[in-house]
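Trainee: Sending over a structure as structure tokens; questions will come in a sec.
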Amino acid sequence: MIVYSLLLLILYDFLPKVVTFDTVCIGLCHCVGNVVDCSSLDLSEIPTTIPNNTRILLLSDNEIESIDKSRLKGFYFLQTLDISNNIIRHIDFEFFYNLPNLKILNIRKNRLARIPRGSHELGHLEKLDLRSNLISTVTSEELSYLAAVRSVDLSRNLISYLPKPTTSAKVNIEKLDLASNSITDIGTDHFSSFNTLVTLKLARNHITTLNQFSFSRLRKLESLDLTRNMIREVRFLAFNQLPSLQNVSLARNDVYRLDDGMFYACEGLKHLNLSTNRVQAVTEGWMFGLTSLEVLDLSYNQIQSFHISSWSHTPKLKWLSLHSNRIQSLPSGSFRVLRQLEELILSANSIDSLHKFALVGMSSLHKLDLSSNTLAVCVEDGAVLYNTSMPFLRSLRFTNNQLRVIPKRAFERFPALEELDLTDNPIATIHPEAFEPLELKRLVMNSSSILCDCQISWLASWIYRLKLDKSSIIAKCSYPPPLADLYVVAIDTANLTCHNDSPRAKIVRQPVEVSTLIGEKARFTCNVYGASPLSIEWRVMENGQPRVLVQDSATFLSINRTAVVNGTFDERELAAAELLLDNVAMTDNSEYQCVARNRFGSDFSTHVKLQVYQAPKFTYTPEDMPLLVGQTAKFLCAATGTPRPEIKWAFEQIPFPAAEARRLYVTPNDDHIYIMNVTKEDQGAYTCHATNVAGQTQASANLIVFENFFHYPESPDLSPMLIKKRDALKIDCSCDLISSRQRMVWKRQQQVILFLKKAKFSDNDQILTLTQTTFSDSGEYSCELWVDDTILMRKITMVKVVNEDEFVSSEATLTQRVQRIRAMASKLVDNIKSTGNGIYLMASCSAFGLMILGVITSICICIAKCSCNQNHVFNVLPVQV
């Protein structure tokens, strides 16, 4: 086709002039240069008089129903064809052969049921607009052909199923619009062959779920629009492998479940819209990976809480909307990690309290919207915002928060504030210097409840000084009656006077601090004076946030009022409020506040503490401890109580013997007392005293010191006792056992010896004798000295039963040792004799002494051999207490 076109262009001057190559604009169409406009002419077919050198042909808004192949033949220069808004049902597939250089084809708003056949022959086509037709079916091949077109619009059709396209040799597509169809499922990897795609629109379809890898391999995708579907779940890795993705919209769906890691590997995402869904919480899991996010819209959801750590994954966030959710309170440091946040929208929630550190750390915030909550207390009680500093905040919206009083320097923590919106608040009292030190450029308010007395006289001059727009400041008087409905700025300051009997609610008797024991009662009182009716509430601080108390089985609220004469509005009343807490628990240990209100304002008492005390109660008590001399005593004593009890120890003798000998140790944060190397002097009763302001308790334990030791200790040479088969085995563990307090327990191979016919015990079980030993009697034998449930010491003996040959061999070894010693002594004497010097006598005496030593050694070895036949100790293990 391209070769054919070039040939015609070359031969153009040599061909006869025919109608199809006419360059004259004839008929109703309007021609300007290479642009021919035949739109809105009620044409039923394409005119035959259109110049063949046309580059842009506009045929929109006509009545064309079909296009046959003979139309526009020879239009080799045509680049743009607009046949939108007709009633085209059919286009001959050979029609497109006539348009080899067409770049833009607009067929929107027609009645095509399929993508026109032959359109894939348009090798230079860059934009194809099929919006608002009747296309219901798209084949894999047709999708593959579309991959060669840079921009494709198939929105507002009837497509319900999207097949997976076949592999295309040419992929140029950058923008694909499938919005407003009936697609229910996009499957996995459906768009993977469109790897050049930059923008994908799937809004207004019927998609219900986003599965893993739904958009995988679209590494150039920057914008993804899934608005107005029926998506309920977004699965793990649904947006994986999208490194260029910058904008995602999931607004107006039914999303309630967001899997952890759904945005994993989306480091480039900057804008995320999740508004108008059913998201209930902001969690660290699904926020993971959003390190470049700048804009996050979570408005119109069902969020009740958010994890503070979740924001750590979005350090670059600049704009955050939580408008119209179900948040009731803001915890400490709610947005502390969002150092770059510039605008925060928290309007239309149910927020009634802020932690005193809820908004700290937001040093870059420029705009804050707290409208339509119940946060009047944050302004009226200056202590709430005292710890909140926003040095760069320029705009604050605080509309519809039931604000009645603006105290002195209410907004001083926002020194850069320029715009303040207080509309839809029943403001009654604006104290002098309420807006200091601000230099506001815009103030918006519309209150008709102002109490016009001397305290409001400054307002008009302040408005004039700052040159504020008076039309945005509606402040009308409601009291006193002569000034009702007058604008404050229009009243002469001489008429704004104060009386001693102000109608404002005022606390005339502050509550005081209360101390009580756990399980007892606590009572607070608060007296209020002002215009009736007065309302009084009690608040308690819990985890830095106030909570209004309501009456229940353990909380009693009462108000005694003075009589109201004639029931008129101008009357005053004195109300005495009482808060009674019954059966006080440790959880009641907090700060309490009395809040008084009437239509003219509110007053807040100081925060007073309820000190709940609990008498000491032992969690661990010391226990009696038997020990041997030289061992270490360790007594444990621990107690709980409020305030924390002080632990002290006492000994029945004063002073501590161990303390004088510097053997008594107590370490910080340790509930033990240590007595090192105990002696008999340390024996006695030790008493632990736990004391605090609520009371004291004590517990005692006895230290019993014994002086036992084994009479026959052996060196731990690891050699076993050798016993000849059928001989008797005797193990002696004599240790001056006290039979009334102590007992000896024998074990073989760590098992208690209970029933063994040939085992005999004597001397209060201190001696064990085994008769007729066999090879099976070899092993480990131990004797343990016990006092009640405490072991004092243990001795282990290793026994080996051998046959007669092995036993004789061991005896021969002992005899050889004696003979060697004697030979050495004789040799030494012979050497000395050979010297022949004058010290022969001295040397002889030395040799004689050596011989005597050898004899004594031989005797000791023999005694040792005999002793081994009776008792051989392997080791003595002291018991550590």
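Cβ from N, Cα, C; glycine included.
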Trainee: Tell me which residue from N52, N446 Swiss-Prot records as N-linked glycosylation site.
Mentor: N446
Trainee: Candidates are N273, N500; I want to know which one Swiss-Prot annotates as N-linked glycosylation site.
Mentor: N273
Trainee: Please name the cysteine among C594, C688 that Swiss-Prot pairs with C637 through a disulfide bond.
Mentor: C688
Trainee: What is the disulfide partner of C526 among C452, C454, C594, as given in Swiss-Prot?
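Mentor: Here Swiss-Prot pairs C526 in a disulfide with C594.
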Trainee: Taking C783 as one end of a disulfide recorded in Swiss-Prot, give the other end from among C733, C845.
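Mentor: Disulfide partner per Swiss-Prot record: C733.
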Trainee: Go through the chain and flag residues at least 6 beyond the ends of the repeat 'LRR 2' (75-98) whose CB is under 8 A from any CB in it; none is fine as an answer.
Mentor: 1, 5, 8-9, 34, 39, 50, 52-69, 104-113, 116-119, 121-122, 129
Trainee: In the same chain, which residue numbers or ranges, 6 or more beyond the ends of the repeat 'LRR 7' (195-217), come under 8 angstroms Cβ to Cβ?
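Mentor: For the repeat 'LRR 7' (195-217), the nonlocal Cβ contacts are 155, 160, 171-189, 223-242, 244, 249.
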Trainee: Could you give me three numbers for the repeat 'LRR 9' (242-265), the DSSP helix, strand and coil residue counts?
Mentor: 0 helix, 5 strand, 19 coil
Trainee: Within 10 Å of N247 (N-linked glycosylation site) by C-alpha distance: pick out those among the glycosylation sites N273, N446, N495, N560, N677, and say none if nothing qualifies.
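Mentor: So far as Cα distances go, the glycosylation sites lying within 10 Å of N247 (N-linked glycosylation site) are N273.
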Trainee: Kindly assign N446 (N-linked glycosylation site) to one of the three DSSP-derived states: helix, strand or coil.
Mentor: strand
Trainee: Grab the same-chain neighbours of the repeat 'LRR 4' (124-145) for me: Cβ-Cβ under 8 Å, and only residues 6 or more beyond its ends, written as numbers and ranges.
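Mentor: Contacts of the repeat 'LRR 4' (124-145) (Cβ under 8 Å, skipping residues fewer than 6 from its ends): 84, 100-115, 151-168, 172, 177, 193.
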Trainee: Radius 10 Å, atoms counted are CB only; among the glycosylation sites N247, N273, N446, which position scores highest?
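Mentor: Answer returned by the neighbour count: N273.
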Trainee: Residues of the same chain, at least six outside the repeat 'LRR 3' (99-122), with any C-beta under 8 angstroms of its C-beta?
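Mentor: Answer is 1-2, 5, 60, 72, 75-93, 128-138, 142, 145-146, 148, 153.
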Trainee: In whole Å, how far is N446 (N-linked glycosylation site) from N560 (N-linked glycosylation site) when you measure between their Cα atoms?
Mentor: 35
